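Asker: Quick one: the structure is below, questions incoming.
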Amino acid sequence: GWKVSMKSGSLSYILPCNRLPVQLMSQVRVYTSNGQKKDLGSQDTNGSARGETLHKVETGQDTTNSGQKQSSPKQPIQVKVKPVLKKREYGPKYTQNNFITGVRAINEFCLKSSDLDQLRKIKRRSPHDDTETFTVYLRSDVEAKSLEVWGSPEALARERKRRKEAEIKYRENLFRNQRLLWEYKEFFGNTKPRSSTAAMFFKGPGKVVMVAICINGLNFFFKLLAWVYTGSASMFSEAIHSLADTCNQALLALGISQSARTPDPSHPYGFTNMRYIASLISGVGIFMMGAGLSWYHGIIGLLHPHPVESLLWAYCILAGSLVSEGATLLVAINEIRRSARAKGLSFYQYVVQSRDPSTNVVLLEDAAAVLSVAVAATCMGLTSLTGNPYYDSVGSLGVGTLLGTVSAFLIYTNTEALLGRSIEPEQLQRLTEFLESDPVVRAIHDVKATDMGMSKVRFKAEVDFDGRVVTRSYLEKQDIEQLLQEIQQVKTLEELEAFMLKHGENIVDTLGAEVDRLEKDLKQRNPDVRHVDLEIL
């Protein structure tokens, strides 16, 4: 660079100065599409003084040599244009093109179905598997129709308020309304066919539970007679055990019948967990009624022993109970083996995972019953041989301990099932690999698969879709020649915006169709998966 001499007082300084950058920086302007310009020249509190100095430098003036002038060609002004699409205010112009379903139009705008017949109908992609398309309406048309029907927005607001108050009043008197509806159905007949609940108790877990109820009820009756006749503490424990089994299995039958109820708005995923709830209560009942009373009677027998009468009838009843309980146990074992074979699981895995809680309860109760009969018979035999009643009381404590162990296992397994445990890692890996193998999926994250009970799985994942594959899928269904003509006709920003809005909405619909396809394929390949939630990243 060249140097400029500047004098300050009696000293002279030789300062380097780059003339060209200073000149360019002082002349650059930036213009945007909205007409605003921005000065990129440096400004500070000493702007006026710096302006004079720059002026001197540019014109070649110097305090020591004013006669010498240096000139340079004037540089052209550089203009940087930044095209920006003006930000849109999405007001009624855009929201009037929103779609609304017929049900929402009737509820939100207080219309009747006949009012919608005169409006424009638009077919859109249906999110449901049973229908390909469904009818929607433009919100602007519905709003205009509501004003035509009610006259003014104020009248529509009053009607909405009146209906809201009526809905609140209806909810407050829900029990009375349900009672009236039940009486109406009983008087006029129910036109909706009901599913036969009784048929559930002739096969599968229902059959096992009904057989157990009948056998344990008879066992309780005969054991109670034997206890009254002999006064044996072990026989009393056996009678209480049979009573507890009968009550618990009646509770299981109630759970099976309730689990068959169809889903409703309050319970969208159905009532299948009622079996686990009934089994959990059954486990608590076994612990409190069976184990508790057996321990109590055994402790009383140890503290206050009394002689035991003839045990002949007790042995006969125990033998009959052993045969009947063993028959029920075989029925439960055969049912679990058949179900485990159908699911591809071992007998032990099926029981531990509590796949069928009702059958598990019958299996464990009958297994405990067979073992307790053996314990009671052994202790009663020792008592009859030695004449010592303490053996009989120890047998009652042994039966109580056995029942307590069974109840603890039932409480644990059913609590785990109700908490929503994950499915097996191998099954989860198969579901993940199936999604990742699809071309439209780039990656999946946050995968969760929850066992909802009774072999029903809820699958959830966040999916990163490949936008290029989705776009190609959309283009394959379009006329490329016509699409190219539309592109060539685009000349302005407004035409470009209209073009992008039209095809952007169609591409989003294509993405929704891909999500529906993945969910349908996932359910078909894995029948246990009943509910699929795929979130788009």
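Residue numbering: from 1, along the chain as shown.
Including glycine, each Cβ sits where the backbone N, Cα and C put it.
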Asker: Of 233-252, 393-412, which range does TrEMBL call transmembrane segment?
Answerer: 393-412
Asker: Are there at least 3 C-beta pairs under 8 angstroms linking the transmembrane segment (208-229) and the transmembrane segment (393-412), leaving out pairs fewer than 6 apart in sequence?
Answerer: no
Asker: For the transmembrane segment (367-387), which recorded stretch in the set 208-229, 276-300, 312-333 gives the largest number of Cβ pairs separated by under 8 Å?
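Answerer: So the stretch in question is 312-333.
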Asker: Are there residues at least 6 beyond the ends of the transmembrane segment (208-229) whose Cβ is under 8 Å from a Cβ of it, and what are they?
Answerer: 201, 235-236, 238-239, 242-243, 245-246, 249-250, 252-253, 256, 309, 313-314, 317, 320-321, 324-325, 327-328, 331-332, 335, 358-359, 362, 365-366, 369
Asker: Hey, which bits of the same chain come close to the transmembrane segment (276-300), Cβ under 8 Å, at least six residues off its ends?
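Answerer: Residues 233, 236-237, 240-241, 243-245, 247-249, 251-252, 254-256, 258, 354, 357-358, 360-361, 365, 393-397, 399-401, 403-404, 406-411, 414-415, 417-418, 453.
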